[in-house]
Amino acid sequence: MRTFIAVVIASLTALAALAIAQPTVPDVPFHDALRGTAPLDTEPKPPLMAPTENKDVIRGLNYAQQPPTIPHKIDNYQVDKNANRCLACHARSRVEESGAVPVAISHYMDRDGSVSGHLSPRRYFCTQCHVPQADTKLLIGNTFVAVEDIRQQPASKKQKR
Ligand code: HEC
Ligand code: HEC
């Protein structure tokens, strides 16, 4: 019995030593697109806020069904349970006056696909899906290719992007 306990204690000690010996921090300099090289336990100086791109030029879509990005500023546009500033220009009844693109017909459909005379509640909070863009350089690279573009590329080019 004694030897058994001794063996158990010995193996537990060995295991504990192993666990302590495991390296927890990878041996590469820390770098993060947002934090730079500031270690996780420090608070880096935040970068300046980039201005919102406000060119009023409709941007292309990266894939079918993408909610288009907002090509204008939305500072101080109220969107809450009392008011929706976006609809003041984008509602189908307002676009003649505002010159804005009317909200898509999908925004009048409920989840069963029935179209009603008013905006569907699930489309009320526009910025859940539509976002303005900052006039700044990309934080990280992006090699996204829409599925329809993949299908159009000749086979030799597919891996290269
Ligand atoms: C004062 C009127 C006005 C208001 C308010 C407004 N927009 Fe716009 N919006 C426009 C106009 C006009 C365009 C057409 C492009 C341009 O001139 O900027 C546009 C374009 C857009 C587009 C691009 C559509 C496309 O087909 O690419 C989106 C998305 C959009 N707005 C979303 C919003 C959202 C979301 C809000 C509220 C946070 C909002 N807009 C508030 C006038 C407005
Ligand atoms: C749940 C996500 C979602 C919400 C919320 C939403 N949209 Fe959209 N919106 C989309 C998608 C996806 C498209 C593009 C596909 C389509 O036409 O339905 C789109 C298209 C649009 C377009 C372009 C229409 C066109 O004919 O090119 C406008 C303008 C727009 N939305 C405005 C708004 C406004 C204003 C609100 C808030 C009242 C809003 N959207 C809320 C997802 C959303």
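Glycine is treated like the rest: Cβ placed from N, Cα and C.
Note: TrEMBL annotation is automatic and uncurated.
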Say TrEMBL lists C126, C129, H130 as binding heme c 2: which of H107, H118 is in the same site, per that record?
H107
Highest CB neighbour count within 10 A among the binding-site residues H72, H107?
H107
Once the chains shown are all counted, how many other Cβ atoms turn up within 10 Å of the Cβ of H90 (heme c 1 binding site)?
20
Where the criterion is a Cβ under 6 Å from an atom of ligand 1, which of the binding-site residues C89, H107, C129 meet it?
C89
